[in-house]
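Beneath this line is the structure, given in C-alpha cells, with notes to follow.
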Amino acid sequence: MAEHKEEPVAESMMDKISDKFHGGDSSSSSSDSDDDKKGPAAGVKAKIYRLFGREKPVHAVLGGGKPADLVLWRNKKVSGGVLAGATAIWLLFEVMEYHLLTLVGHCLILSLATLFLYSNVCIFIHK
C-alpha cells in the first residue's frame, strides 16, 4: 500500500516538472508563480546564476578566442591533437628517457640528409 501512496506523489511531481519546462500555468502554489506576477521587466533583469558565484562565463575568464576554445574542448579535433602531442612528448622524454639535445641532433641530421638527397635528385631530373 505504501507504493500506491508514493505513485500519485511521484506523478504529481512529474506533472509539476513538466509544467515548469513547458510553461504551463496550471501549477499549484509554488514560489515561482509569485515571480511570474511581477511582470515582463522582472524576467529581463533576472540575474543569471552561475556555478561558484561567477559573474563572467568561463570562456571570458580564460581570455576568449582560440586558447579558450582549446581548453574548453570546443573543437574536439584540435584539442585531441594537442593532447596526443603532449602525451607523445611526455612518453618520449619521461618514459623512454630521451634527451632534448639528442632529439635536436637527430632532427638536424635527418634534415641534412633530406636536403642532400633532394639536391641530388633535382640535378638528375633537370639533365
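Glycine too: its Cβ is placed from the backbone N, Cα and C atoms.
The annotation region 'Disordered' is assigned in TrEMBL to 1-41.
Residues or ranges marked as compositional bias 'Basic and acidic residues' by TrEMBL: 1-23.
Annotation comment: TrEMBL describes 67-127 as domain 'Reticulon'. Each residue in the domain 'Reticulon' (67-127) gets a DSSP state, and the totals come to 52 helix, 0 strand, 9 coil.
Here TrEMBL flags 78-96 (among others) as transmembrane segment. Long-range contacts of the transmembrane segment (78-96) within its own chain (CB-CB distance under 8 A, at least 6 residues past either end) are made by residues 69-71, 103.
If you look at the transmembrane segment (102-125), the same-chain residues 6 or more away from its ends with a CB under 8 A from one of its CBs are 92. Per TrEMBL, transmembrane segment is recorded for 102-125 (among others).
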